[in-house]
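Just below is one structure, and these are the notes that go with it.
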Amino acid sequence: MKTLLLTLVVVTIVCLDLGYTLTCLICPERYCQKVHTCRGEEKLCVKRFYDEKALGWRAKRGCAATCPEAKPKETVECCSTDKCNK
């Protein structure tokens, strides 16, 4: 009986862990509310700030498997919790 209970606990923990999917914000607006469910390999939320000459500083948000390297005149922030790229 103890073995069965232990097996059920282990299976439950594994299934819960495999079922988790990160959610990130994906809109360019300053006060973003649009949520996107990331793919399994995407474990980070990203926010990139860049200078768009006519419009000023803009932000691009989304999901990523790895934190991208910043380009010239760009700032990149990565985080790993739901909707952390505000």
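Cβ atoms are placed via backbone N, Cα and C, with glycine included.
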Disulfide partner of Cys45 per Swiss-Prot, picked from Cys15, Cys24, Cys27, Cys67, is Cys24
From the list Cys32, Cys38, Cys84, Swiss-Prot names as the disulphide partner of Cys63 the residue Cys38
Do you know which of Cys67, Cys84 Swiss-Prot records in a disulfide with Cys79?
Cys84
Check the Cα distances from Cys67 (disulfide bond) to each of the disulfide-bonded residues Cys24, Cys27, Cys32, Cys38, Cys84 and keep only the ones within 10 Å.
none
